[in-house]
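Undergrad: So that we are looking at the same thing, I have put the structure below in structure tokens.
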Amino acid sequence: MSLNNSSNVFLDSVPSNTNRFQVSVINENHESSAAADDNTDPPHYEETSFGDEAQKRLRISFRPGNQECYDNFLQSGETAKTDASFHAYDSHTNTYYLQTFGHNTMDAVPKIEYYRNTGSISGPKVNRPSLLEIHEQLAKNVAVTPSSADRVANGDGIPGDEQAENKEDDQAGVVKFGWVKGVLVRCMLNIWGVMLFIRLSWIVGEAGIGLGVLIILLSTMVTSITGLSTSAIATNGFVRGGGAYYLISRSLGPEFGGSIGLIFAFANAVAVAMYVVGFAETVVDLLKESDSMMVDPTNDIRIIGSITVVILLGISVAGMEWEAKAQVILLVILLIAIANFFIGTVIPSNNEKKSRGFFNYQASIFAENFGPRFTKGEGFFSVFAIFFPAATGILAGANISGDLEDPQDAIPRGTMLAIFITTVAYLGVAICVGACVVRDATGNMNDTIISGMNCNGSAACGLGYDFSRCRHEPCQYGLMNNFQVMSMVSGFGPLITAGIFSATLSSALASLVSAPKVFQALCKDNIYKALQFFAKGYGKNNEPLRGYILTFLIAMAFILIAELNTIAPIISNFFLASYALINFSCFHASYAKSPGWRPAYGIYNMWVSLFGAVLCCAVMFVINWWAAVITYVIEFFLYVYVTCKKPDVNWGSSTQALSYVSALDNALELTTVEDHVKNFRPQCIVLTGGPMTRPALLDITHAFTKNSGLCICCEVFVGPRKLCVKEMNSGMAKKQAWLIKNKIKAFYAAVAADCFRDGVRSLLQASGLGRMKPNTLVIGYKKNWRKAPLTEIENYVGIIHDAFDFEIGVVIVRISQGFDISQVLQVQEELERLEQERLALEATIKDNECEEESGGIRGLFKKAGKLNITKTTPKKDGSINTSQSMHVGEFNQKLVEASTQFKKKQEKGTIDVWWLFDDGGLTLLIPYILTLRKKWKDCKLRIYVGGKINRIEEEKIVMASLLSKFRIKFADIHIIGDINIRPNKESWKVFEEMIEPYRLHESCKDLTTAEKLKRETPWKITDAELEAVKEKSYRQVRLNELLQEHSRAANLIVLSLPVARKGSISDLLYMAWLEILTKNLPPVLLVRGNHKNVLTFYS
């Protein structure tokens, strides 16, 4: 519906007497016509104008009406349409989404296209207008190029890449099934297996009618709970192909899904062999009766099974439509066979059938068969283990979820109805056969007795037959002895044989289709990269032909074994493991309380699902304990494999949801615990900027926070807020991904601020959560401070003051080459861009077959490749490698090497700790933590403390005692008694030359000039200031001399950071202190804690 064709949107949607308001489109260039329209409106309309500019474009007229009609209009879908004549290209004059309640807005009404392609939904994806687009100011007279989202939203078509993505979905003629043919039929055929015809009567004979019904109901309980869980998961969003694998993987994640998906697909493949061999055994029995054996029973099973599986493969490869038709035909045969049995129970039995134990419905037989009579070696659980595989097959419909028209409706309805119908059939057959057939019969028609003679109390005796000798010798007939009881009871025996054929072939066909479908879905997710070959589909239905061939080969291999007694329990356990995980998935998703868990199918309970999972695990051990152990071992191995490989998928699993809930609960629980010195951990804010730009600073911090503390990489975007926020938001995910890729256990946080100091101040105050708040600020040393603008120096020193104000410790790290490698990264990005352009250009030339031009271009690149240049490329570990491609310079090469120095294992050496001032112990704790790391374990601690020359030995003993109480191992302790002596003249001269450009020298000038200079350059170092802190300046210079003397060969120096009292020491003088203190030394950590204890010797 176009607004150009109708000036009244709502009049086209609902009757005029119920319209609530009217939207009339008015030509912007013809205000006169607008005025005319205003005059023609019905007098009972209440008109509201929204400003002069809005009045020129549209008019909203409210009409009386009820809410119901209004809601009906909104639900009709018209509001989701847009007028192609109103374009989003003019950001000022045109109206956007004019039908969105008649407002001049870019806001879009809710549409399903906005929610597509979110990890589980296929179909065209449209992007709604972003928050910035509808929030930012509109620039007048600016032509905006329409985005793909705009074109789709305005009905102008789907972008090309999205069309390609959804080509498969848009293909005509794709076969999709409803809930009857797709789920109900398949589940019924898979559940009604050969057990129904040749084992159920034996189960009733062993367990009796009472326990037999209990066995059926117990099996049904397992399948029903699993069916409810399956229905809940299947209705919690759009379901793709993959069946049980898809449900489990999207609920519990790739680790569980990938492990169970592989064994579930394998189990279905082997199940094909199991059902085909069951069919072949029946055929071989018929051949025996007619004396038509080909070779021998075993080889005949192999021959018939091989031929059968080839035929089934042909039906499957022909397409799902042919396979579905075959399934319907087999179901009809099966239903006729079941009906034939029930009809046979009411047909009067002849003498031959009576001699075999069939007497029609008799109360005496029902009473006699009601209780159990287990033979030697059998019991309730052994009989249950034999029957339970007959109840499996409930996932046959879910396994082809990708071929269903509406999986969310079909899977719950078809699965639960199939369970109900098949359970009723099993119960009916069990009760009927138990009420009609005795347990033992001789089959001899001469075993009759005269009426009135003394009976042995058996039901058969009362009915004129004496089968008492079956107590002493084996008999061939009766529930306990004859597996063909249903064929005997039925009205026409060959129909039961046809039913057996139908049950086995239909189950084999369903498994032959399910296995490749599940396997293809698993391979498409690329969890096992080696199996990607089998992800390819063919034809309009995306048939997994490669998977069919693999399933055929597996089935053929097990058919050739021709003995299923060993593999059948493993198959059943594989299926049960899938059922257990489906139930656990439903419980886990409910327990995680994720807002995304909103199944449309509400008939489930999380605790019932958990009970079902436990029940499935118990049944696995009841059926076969060693098969259950094998299943768990295989699943555990695959789980560990997938976990180690860390597949790059994000399905919003309940495992992720529970991780969030656990983290939230733990964080809240932590707030109730008071801080204790024994639980202190370094929780650091690291001013790295982008994490990849200062890797060395991040590496050294990560070395003492990994697995023991919090590390937050912080970046401050300085500048206009609009630009900064845009840049910040666009890079956050990339930088956090870089941390994950490089296996750095840290968070990334960023703020936008007008100045650097304000941003850091915000981070210091607002970062963290509860008890997990930063207590240490880590920054790199500002190496270029003498060339930097004054504001940068003020900000740098200012953030140190701010940290101390917030009672946060400070760590300043200095290395000789500095930390910032952003220029190197820019060169790397430029090289990558040029390389991509070169490859694209060469590909274009090759495609166009322009040989002459191609030769010229390639020659150009070939010459360029001979230049002696250095290219930087990233290694797998995230470090930077250098190779000859472009000139970066010797300095950059050293910088690149320095950026990786803390990634490497440190050579055997020392960490020298100059613990000059007691800051609570942080200066000692950080190097101790470093020595616990693998990369630093060969470095020993040497402790240096200040003292008096005449008490060196006593103070050394005292410090050794303190360190022992702290349980900190050290290699040596040095007491420095000459810290306070003046440095030599050469060292002091270096310091004076350093600060000379920043001195005011007011004492050499008259008072007026000096005061004027102080006002104009308040940042300079005054003579009075320098004189007041002269002793402290001496100390910094002297400390550098001592560091050069004692620690020049150390791997790392950890040194107490001098504190500059606010208002007493200028920023430039403080920077000069730091410079002279750490000049020409190995890597240095200047550390100052917040003067609260972080070490204790109490237990």
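Here the Cβ of each residue, glycine as well, is placed from N, Cα and C on the backbone.
So Swiss-Prot lists the following for this protein:
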- 1-177: topological domain 'Cytoplasmic' (TOPO_DOM)
- 20-23: motif 'RFXV motif' (MOTIF)
- 31-53: region 'Disordered' (REGION)
- Ser61: phosphoserine (MOD_RES)
- Ser91: phosphoserine (MOD_RES)
- Thr95: phosphothreonine (MOD_RES)
- Thr100: phosphothreonine (MOD_RES)
- Thr105: phosphothreonine (MOD_RES)
- Thr118: phosphothreonine (MOD_RES)
- Ser120: phosphoserine (MOD_RES)
- Ser130: phosphoserine (MOD_RES)
- Ser148: phosphoserine (MOD_RES)
- 178-198: transmembrane segment (TRANSMEM)
- 202-222: transmembrane segment (TRANSMEM)
- 223-259: topological domain 'Cytoplasmic' (TOPO_DOM)
- 260-280: transmembrane segment (TRANSMEM)
- 281-302: topological domain 'Extracellular' (TOPO_DOM)
- 303-323: transmembrane segment (TRANSMEM)
- 324-327: topological domain 'Cytoplasmic' (TOPO_DOM)
- 328-348: transmembrane segment (TRANSMEM)
- 349-379: topological domain 'Extracellular' (TOPO_DOM)
- 380-400: transmembrane segment (TRANSMEM)
- 401-417: topological domain 'Cytoplasmic' (TOPO_DOM)
- 418-438: transmembrane segment (TRANSMEM)
- 439-550: topological domain 'Extracellular' (TOPO_DOM)
- Asn446: N-linked glycosylation site (CARBOHYD)
- Asn456: N-linked glycosylation site (CARBOHYD)
- 551-571: transmembrane segment (TRANSMEM)
- 572-592: transmembrane segment (TRANSMEM)
- 593-609: topological domain 'Extracellular' (TOPO_DOM)
- 610-630: transmembrane segment (TRANSMEM)
- 631-1099: topological domain 'Cytoplasmic' (TOPO_DOM)
Undergrad: Since the record lists Ser130, Asn446 as recorded positions, which of them has the fewest other Cβ atoms within 10 Å of its Cβ?
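TA: Fewest other Cβ atoms within 10 Å, among the recorded positions Ser130, Asn446, is found for Asn446.
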Undergrad: Using DSSP, what is the helix/strand/coil residue split across the topological domain 'Extracellular' (439-550)?
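TA: Counts, helix then strand then coil: 58 helix, 6 strand, 48 coil.
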Undergrad: With contact taken as 3 or more Cβ pairs under 8 angstroms (pairs 6 or more apart in sequence), are the transmembrane segment (572-592) and the transmembrane segment (303-323) in contact?
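TA: No; fewer than 3 Cβ pairs under 8 Å.
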Undergrad: Per DSSP, what is the residue tally for the topological domain 'Cytoplasmic' (223-259) in helix, strand and coil?
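TA: Counting residues per DSSP class in the topological domain 'Cytoplasmic' (223-259), I get 28 helix, 0 strand, 9 coil.
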Undergrad: Could you tell me whether the transmembrane segment (328-348) and the transmembrane segment (178-198) are in contact, taking contact to mean 3+ Cβ pairs under 8 Å with a sequence separation of 6 or more?
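TA: Contact between the transmembrane segment (328-348) and the transmembrane segment (178-198): present, because at least 3 Cβ pairs are under 8 Å.
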Undergrad: Per DSSP, what is the residue count of the topological domain 'Extracellular' (593-609) in each of helix, strand and coil?
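TA: Its residues divide into 4 helix, 0 strand, 13 coil.
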Undergrad: Restricting to CB pairs under 8 Å, which listed stretch, 202-222, 303-323, 418-438, 551-571, 610-630, is in contact most with the transmembrane segment (260-280)?
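TA: Checked against 202-222, 303-323, 418-438, 551-571, 610-630; highest Cβ contact count belongs to 551-571.
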Undergrad: Below 8 Å between Cβ atoms, which of the listed ranges 303-323, 328-348, 610-630 makes the most pairs with the transmembrane segment (551-571)?
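TA: Maximum Cβ contact count belongs to 303-323.
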Undergrad: Mind checking which residues of the chain, 6+ beyond the ends of the topological domain 'Extracellular' (593-609), have their Cβ under 8 Å from one of its Cβ atoms?
TA: 225, 228-229, 231-236, 408, 412, 583-584, 586-587, 652, 654, 657, 661
Undergrad: I'd like the per-state residue tally for the topological domain 'Extracellular' (349-379) from DSSP, helix first, then strand, then coil.
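TA: Reading the DSSP string over the topological domain 'Extracellular' (349-379) gives 13 helix, 1 strand, 17 coil.
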Undergrad: For Ser130 (phosphoserine), just give me the three-state DSSP call.
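TA: DSSP call for Ser130 (phosphoserine): coil, neither helix nor strand.
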Undergrad: May I ask for the distance between Ser130 (phosphoserine) and Asn446 (N-linked glycosylation site), taken between their Cα atoms and rounded to an integer number of Å?
TA: 91
Undergrad: Quick one: find which recorded stretch in 303-323, 328-348, 418-438, 610-630 has the most Cβ pairs under 8 Å with the transmembrane segment (202-222).
TA: 418-438
Undergrad: Could you break down the residues of the topological domain 'Cytoplasmic' (324-327) into DSSP helix, strand and coil, giving a count for each?
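TA: The breakdown for the topological domain 'Cytoplasmic' (324-327) reads 4 helix, 0 strand, 0 coil.
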